[in-house]
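Right, one structure below, let's go through it.
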Amino acid sequence: MRHQNKNHKQRPSFLSQFLVILWFRTKLSIRDKKFFILGILLPMISIGASIILNNVLVFGPGSDFQKTNNNLNNNNIFITPKTLNSQQETLINTMKLQYSLNYTYLDDDTDLPNYIENKSLSSLDYGISFIGSNGINIYYNSSIESIPSFVHSFFISLFKINGINLQLNETITVLSSEVTFDAFYLLMPMILQYGFVFFIPYFAILIVTDRDKGFKNHLILNSLRTSVYWFGNLVFDYLIFLIPTIIGWILLYSFKIDGIYSDNSGKSFLLFLTFGISAIPFGFVLQFIFDKEETANKWLYPFTSIVTSIPSALISVAFPTSTPLIVELLLSILPTFSFCNGLKALTYNNSSTVSYTILIQLLSGLIYLILIYFIDNYKKPKKNEIINDEDSESIINNQIIEDNDVLNEKEKIKRLVRDGGGNNNNNKKNNSYPKIVVDGIYKQFIQPKPTLDKPSIIERCSGGTKATKKNSIIKKAVDGIWFSVEKNEIFGLLGPNGSGKSTCLNLLTGLLKADQGDGYLSGKSIDKDKDVFQSIGSCAQNDILFENLTIYEHLYLFSRLKSITTTKSELEDEIDFYINKFSIQSFKNKKSSDLSGGTKRKLSVACCLIGDPQVVLLDEPSTSLDPISRNELHSLIDELKVNKSIIMTTHSINEINQCCNRVAIMVDGKIRCIGTPNHLKHKYGSGYTIDIIPNNYLNNSYEIHNFMAQTFPNATRVERLGRFISYDLPSQNQQSLSTIFRILQSNKQRLQILDFSASSSSLEKVFLKFANLQEEINKQQTNNKSNIINNNNNNNNNNNNNNNNNNNNNNNNNNNNNNNNNTNNNTNNNQLIN
């Protein structure tokens, strides 16, 4: 039994929709292999590499030993300067008494470092350079025991001067080289950074996919709040980020990794947490650069790696211990740089740097959130500046007199809007107002006039020239239409390709923005009210389904987004009702990627209708369905129209006849007729239609035409489609259909007619009349474009010819001038000779 939603006018709360988005993203993620690789595996690999690196580059254990008798005998020692003060002399003499050393005094101006450098390693051991009365420089051989032994002996001698016998124990620990020591502090932050950097493009590409495949708009059109979409994705991505982050930090702390296992361990944990707060919104900002999933997959990973990681690597090499403050501030806008800089500060126990890095990551995260809000609003569809171009008006279009029914509908809508019928408050007070009101919406597309000329460099760099009447072709996709849809009514938009019906639906769903006019859904303005889609069900022409969700999960998602159900059983009843109605029980637990085209279409319509939306927008709902399924769908839509206002675009006359209470036929962006199917059939139908197929068109068509003119004087030849010759008989014709049939049958052999048919005019014939009109308009527009190209080419040729003529004239003038000059010169020469 189906649960009737008593709260269908209300939209679920922010929290309810937020929880649905978390559930939805969880389902998609656990079925995505890329999620486990980039979201879990890579971060854990980087953490494991850091632990291994810390154990491999260990700085010990070395060896401990004691020396009570340091034998420095026979070692060489160089002393400078020669002249020493009394204290310095006493120190040297004491050392002479203690140890049998080979003392060499160098000249006062001797540069001891250079002197030692030029000596062979075997001949030098130690050097002492006295600087003034206080300073002493000690030079020593880099052999492992030289400096401890010499310092040991030096201090024993120093204390001996004061009569103190000093006993020192030496402990020598073998350490790795200085380069190896610094390598860990350089590599560990970079390795951790690279492990976590791929979170950024992975989450960002999911948003690009939503936008490219229409998922985002589809969810919003089906009652999801825009704020819930962004907030839900941000929170879910951050929760996923926390899984490897917390596990990884615990492992790093357990293995006592330098910087993590320290007095700053609390700050190190906060550094990891705040990195996600900054990095995820940063990725969401980057994704606005891309419109296609394929392009984002190709470029976002290397782009993110270069932009965020290369600066960190360069700074780590250029400033291994301390980065200049101005450089840090400039690059801190990049989350991975801040993260790497904070990790480096941890390894050097720089607590203050870690603290302000945490603050920077929090601040940058806030900045990116603000950017997301403004960019998302900026990228929404915009109005075009209306360019009135009389030349773009179709001659055929101008010759058509607007239908009285269309004019009456227009006046009704204008009066309704003027009286406040489109206003939200008035709509609440008076439930009799139409749920859908279209008030003169107008949309034009502007294209540059075709030309063979290449744009200039300036035009290419600036994105082209500004659209004007002279350099543009204006296509009026929707040329000012007015209509309304009442409750419990299905309104059909019928028209050939290019007539503007799909554009009209895109304007009502917010995918396009009207250049003029407005629409109202349940009393809310499409142009002005942000929550206009709070009780909407939308089914696009192409199936917008999530490949990794089952049929049941799709219906669960859209039901939770659109309806308020009090219990789980009510929700189950609602889902089961639509599964049974659409006869898709056997595919209930199948993913949409495994469904046939017809089953996918059924699921799309079911997702649109579930949740009892007040306004339903169906774009060719019976596409891909077989005839039986199509008839079942028509019956189902008619059954479920209670308390709904439905707009349906279609090419099918049968769909109009079976489903629609009223229909509007669109041609070239305008509504040409509007009313019930029967009203249009009687108003525009011509009584009867006769179709004749001659044995030989060339030989028999003239005789057939003369026969029709004599027998049926009011008959009008309409068209020739292949071998068919069609005639319309007006309703004023006095002969019945049976009489017409008998006359044609009796003359069939004489006129050499292969076959014929006679029938009452149908809505299909009415539609074909307007379709022919659309075809003539399209031909005229094509001819106009060809004429524009020819005119441009002729102008270019004329300009070239004029330039050539000017060049020829210039050449002739130059030749004449030269001849005149030669004549004058000859005359002057003759005069000189004479």
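For all residues, glycine too, the Cβ spot is worked out from N, Cα and C.
Under the heading transmembrane segment, Swiss-Prot lists 35-55 (among others).
The transmembrane segment annotation in Swiss-Prot covers 188-208 (among others) and rests on sequence analysis. Outside the transmembrane segment (188-208) by six or more residues, the chain places 34-35, 38-39, 42-47, 49-50, 53-54, 216, 233, 237, 241, 244-245, 257-259, 275-276, 279-280, 282-284, 286-287, 290-293, 296-297, 300-301, 303-305, 308-309, 312-313, 316, 335-336, 339-341, 343-344, 347 with a CB less than 8 A from a CB of the stretch.
Swiss-Prot lists 235-255 (among others) with the feature transmembrane segment.
Taken from Swiss-Prot, the feature transmembrane segment covers 269-289 (among others), and the record attributes it to sequence analysis. For the transmembrane segment (269-289), same-chain residues at least 6 beyond its ends with a Cβ under 8 Å from one of its own Cβ atoms are 196, 199-201, 203-205, 207-208, 230, 233-234, 237-238, 241-242, 245, 248-249, 296, 300, 303-304, 334-336, 338-339, 342-343, 346, 354, 357-358, 361-362, 364-365, 368-369, 371-372, 375-376, 379.
If you look up Swiss-Prot, you'll see 297-319 (among others) marked as transmembrane segment, on the strength of sequence analysis.
Taken from Swiss-Prot, the feature transmembrane segment covers 324-346 (among others), and the record attributes it to sequence analysis. Outside the transmembrane segment (324-346), and at least 6 residues removed from its termini, the chain residues within Cβ reach (under 8 Å) are 185, 188-190, 192-193, 196-197, 200, 259-260, 262, 264, 267-268, 271, 275, 278-279, 282, 307-309, 311-312, 315-316, 353-354, 357-358, 360-361, 364, 367.
Residues 230, 234, 267, 270-271, 274-275, 277-278, 281-282, 284-285, 288, 332-333, 335, 338-339, 341-342, 345 of the same chain lie 6 or more positions beyond the ends of the transmembrane segment (355-375) yet place their CB under 8 Å from a CB of it. The feature transmembrane segment is assigned by Swiss-Prot to 355-375 (among others).
The domain 'ABC transporter' annotation in Swiss-Prot covers 452-693, and the record cites sequence analysis as its basis.
Secondary structure from DSSP puts GLY498 (ATP binding site) in coil. The feature ATP binding site is assigned by Swiss-Prot to GLY495, PRO496, ASN497, GLY498, SER499, GLY500, LYS501, SER502, with sequence analysis given as support.
Feature annotation from Swiss-Prot assigns region 'Disordered' to 779-834.
What Swiss-Prot records for 779-789 is compositional bias 'Polar residues'.
Sequence annotations record features per position, and here Swiss-Prot assigns compositional bias 'Low complexity' to 790-834.
Ranking the binding-site residues GLY495, PRO496, GLY500 by how many other Cβ atoms lie within 10 angstroms of each Cβ puts PRO496 at the bottom. Panel annotation: around the transmembrane segment (235-255), residues 18, 21-22, 25-26, 29, 35, 39-40, 43-44, 46-48, 50-51, 54-55, 196, 199, 203, 261, 265, 268-269, 272-273, 275-277, 279-280 of the same chain, lying at least six beyond its termini, place a Cβ under 8 Å from a Cβ of the stretch. Less than 8 angstroms from the CB of LYS501 (ATP binding site) sit LEU493, LEU494, GLY495, THR649, MET666, each of them six or more residues away in the same chain. Residue with the densest Cβ environment among the binding-site residues SER499, SER502: SER499, by other Cβ atoms within 10 Å.
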